[in-house]
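Annotated features, as they stand in Swiss-Prot:
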ACT_SITE  E163  active site, proton donor
BINDING   C47, C133, C231  [4Fe-4S] cluster binding site
BINDING   H78, H111, H161, T201, S259, S260, N261, S303  (2E)-4-hydroxy-3-methylbut-2-enyl diphosphate binding site
BINDING   H78, H111, H161, S259, S260, N261, S303  isopentenyl diphosphate binding site
BINDING   H78, H111, H161, S259, S260, N261, S303  dimethylallyl diphosphate binding site
Amino acid sequence: MEAVQQNHSVCRGYCGVMLRSRSGGFFRRGFMLGNVEVILARPRGFCAGVERAVRTLESVASRYAGTREVYALHEIVHNLHVVNSFKKMGVKFVSALHEVPEGAVLVFSAHGVSQQIKEESRRKGLTVVDATCPLVTKVHLEIQRYDKSGYQVILVGHKGHREVEGSMGQVSNPVVLVQNVQDVQSIKTPSAAKLAYVTQTTLSMDDTAEIINALKLRFPQIVGPDLRDICYATQNRQTAVKAMSQMVDVVLAIGSKNSSNSNRLLDLAKAQNARAYLIDSYRNIDLEWLIGARRIGITAGASAPEILVQEVIDYLGLHANLKVRTMDGVSENITFKLPELD
């Protein structure tokens with residue numbers, strides 16, 4: 001949005017600052033959207049795994065401030081606000097291990113890494129702090145257990161996602177990646193082979209259930225955890241956004257574009273026929289999205305801090321007479337112990 005001073009002759013004596021939308025329309029600063037009820041999803045925002053990863057990197061950055069360089073392999077969590085905050089603290093984010101000098105401090109992200117990355121880190125003499133979400137670690141252990149027992153492991157997930165890359169690198173044998181029901185029909189393996197599946201933790205429950213059903217139909221002998229690999233926080237946020245989307249005219253899902261779980265929230269809101277938009281922050285909001293909306297729903301992906309939710313509410317309050325309430329939903333009280341620092 002850019003601020004533009006309106007011509008007094010046009011506005012017949014009143015004026016003030018007008019705001020230009022992305023499509024070129026103008027809106028007066030104030031209550032131009034009228035009375036609007038904002039409904040906040042419960043739960044929303046940080047999950048226990050993200051909270052653990054963020055607090056871990058905070059602790060590491062504080063401990064080694066001014067004495068050793070701190071690196072993080074990939075984004076600690078998939079959220080631009082969080083990553084930029086750590087950059088201001090001096091944390092260096094890298095995309096490959098060769099960018100980390102020998103003897104430095106390295107933090108693994110919440111998404112986990114392959115066994116090869118762990119071994120290379122040891123060879124370089126790095127001080128490693130592993131902030132992998134414990135629920136992702138659980139999937140890693142399942143893959144290792146199935147592989148050791150002679151199963152061909154099938155991973156349901158999104159190609160290129162950091163969590164998927166780390167999970168596929170837990171064993172030396174190939175792991176088959178399945179992204180959709182069509183991929184199930186393309187699996188080349190003997191029909192009587194020992195098969196086991198695991199899933200990425202941040203998938204859509206509905207889509208994953210469909211894929212698992214397709215796997216069981218084609219391979220009746222396949223074993224796996226059903227939907228138990230999809231983390232509790234992902235399930236809770238998806239259930240909440242489904243319910244909330246049926247109450248509102250517009251849904252604002254706060255999260256970065258590379259956040260898998262945030263994108264699933266967006267998809268689910270749209271599936272309920274709500275107008276839905278994924279935003280990194282209030283700066284991405286186009287007021288034209290909200291014209292005619294009497295109820296606006298706000299949710300946030302598991303990597304998005306609550307401050308971003310509050311900033312969106314504050315921004316909407318500049319342009320509407322707001323009433324804010326939180327929907328009924330699950331209260332989360334789970335915490336994960338931080339990794340020990342040497």
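Each residue, glycine too, has its Cβ placed from N, Cα and C.
Quantities reported herein were computed from a predicted structural model and do not represent experimental measurements.
A map of Swiss-Prot features onto the structure.
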{"residue": "H78", "record": "(2E)-4-hydroxy-3-methylbut-2-enyl diphosphate binding site", "Cβ contacts under 8 Å, 6 or more apart": "H111, R162, G255, S256, N258, S259, S260, S262, G301, S303"}
{"residue": "C133", "record": "[4Fe-4S] cluster binding site", "Cβ contacts under 8 Å, 6 or more apart": "G49, V50, R52, A53, A110, H111, G112, T201, C231, F336"}
{"residue": "E163", "record": "active site, proton donor", "Cβ contacts under 8 Å, 6 or more apart": "H111, G112, V136, G157, Q200, T201, T202, S260"}
{"residue": "N261", "record": "(2E)-4-hydroxy-3-methylbut-2-enyl diphosphate binding site", "Cβ contacts under 8 Å, 6 or more apart": "T202, A233, T234, R237, G255, G301, A302, S303"}
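Sparsest Cβ environment among the binding-site residues C47, C231 (other Cβ atoms counted within 10 Å): C231.
In this structure, the CA atom of C47 ([4Fe-4S] cluster binding site) is 18 Å away from the CA atom of H161 ((2E)-4-hydroxy-3-methylbut-2-enyl diphosphate binding site).
Listed binding-site residues: S259, S303; maximum Cβ neighbour count within 10 Å falls on S303. Counting only same-chain residues six or more apart in sequence, the Cβ atoms lying under 8 angstroms from the Cβ of H161 ((2E)-4-hydroxy-3-methylbut-2-enyl diphosphate binding site) belong to H111, Q200, S260. Taking the centroid of the Cβ atoms of H78, H111, H161, T201, S259, S260, N261, S303 as the (2E)-4-hydroxy-3-methylbut-2-enyl diphosphate site, the other same-chain residues with Cβ within 8 Å of it are V77, R162, E163, T202, N258, S262, G301, A302. Within 8 Å of the Cβ centroid of the [4Fe-4S] cluster site, not counting the listed residues C47, C133, C231, the chain contributes A48, G49, V50, A110, P134, L135, V136, T201, T202, Y232, A233, T234, A302. Largest Cα-Cα distance over the residues recorded as binding (2E)-4-hydroxy-3-methylbut-2-enyl diphosphate, namely H78, H111, H161, T201, S259, S260, N261, S303, equals 15 Å. Between the binding-site residues T201, S260, the minimum number of other C-beta atoms within 10 Å of a residue's C-beta occurs at S260.
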